[in-house]
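Copied from Swiss-Prot, the annotated features are:
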type	residues	note
TRANSMEM	35-55	transmembrane segment
BINDING	38	heme c binding site
BINDING	89, 190	heme b 2 binding site
TRANSMEM	93-113	transmembrane segment
BINDING	103, 205	heme b 1 binding site
TRANSMEM	119-139	transmembrane segment
TRANSMEM	189-209	transmembrane segment
């Protein structure tokens, strides 16, 4: 690069950052690609917003059955811009689900799931399931009447599964009934297990797209 700085030269000599930049910026984009091919990227942006706003809320949220509701109320009424942070979190959650659904339809209608992109489709389906799990676990965290009964109903659904149903219910609830252990498990899932699992599958998803390229037109 002409007129490069000493700092740039130092990194270029060791990491060859220009080659990386050229690879990222010079990828061929097929002429049939339109705005509907951006739905996956918009879903990623929504996830990043979720991550940032969710991280901000962890400074104030208290995952106990006695303090969860009051901590959310405090965030909404007393914390500067707390209402905005939580509202953006909720809006981006809805937007993420909507963009995910539209993205799945686009991929299906354009045949993006066909050979050799079957694994890309599989990772996408897994991420869709994780996104739904995000909604279920996040819905319970305010621990109000809606959240409590939602958890009770959802965690009781596996009881209909033969043999392992009762075990799965107890695993989700942390006991025979819904209580503090249930809230703790849902909080851990929502703030740690699910985000990192989704991030791993996103990385796999993007690497496969990067390797195989965008599918052709029908």
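Count begins at 1; order follows the chain as displayed.
Keep in mind that glycine also has a Cβ here, set from the backbone N, Cα and C atoms.
Cα distances from residue 103 (heme b 1 binding site) to the binding-site residues 38, 89, 190 are smallest for 38. The transmembrane segment (119-139) shares more Cβ pairs under 8 Å with 189-209 than with any other stretch in the list 35-55, 93-113, 189-209. Here residue 38 (heme c binding site) is compared against the binding-site residues 89, 190, 205, and the shortest C-alpha distance is to 205. Same-chain residues lying 6+ beyond the ends of the transmembrane segment (189-209) with a Cβ under 8 Å from its Cβ atoms: 44, 47, 51, 54, 58, 117, 119-120, 123-124, 126-127, 130-131, 133-134, 137-138, 141.
Across the structure, residue 205 (heme b 1 binding site) and residue 190 (heme b 2 binding site) are spaced 21 Å apart at their Cα atoms. Outside the transmembrane segment (93-113) by six or more residues, the chain places 36-37, 39-40, 42-43, 46-47, 50, 120-121, 124, 127-128, 131-132, 134-135, 138, 215, 217-218 with a CB less than 8 A from a CB of the stretch.
Residue 205 (heme b 1 binding site) counts 21 other C-beta atoms within 10 Å of its own C-beta, drawing on all protein chains shown.
Sparsest Cβ environment among the binding-site residues 89, 103, 190 (other Cβ atoms counted within 10 Å): 89. Note on residue 38 (heme c binding site): other Cβ atoms within 10 Å of its Cβ, all shown chains, come to 14.
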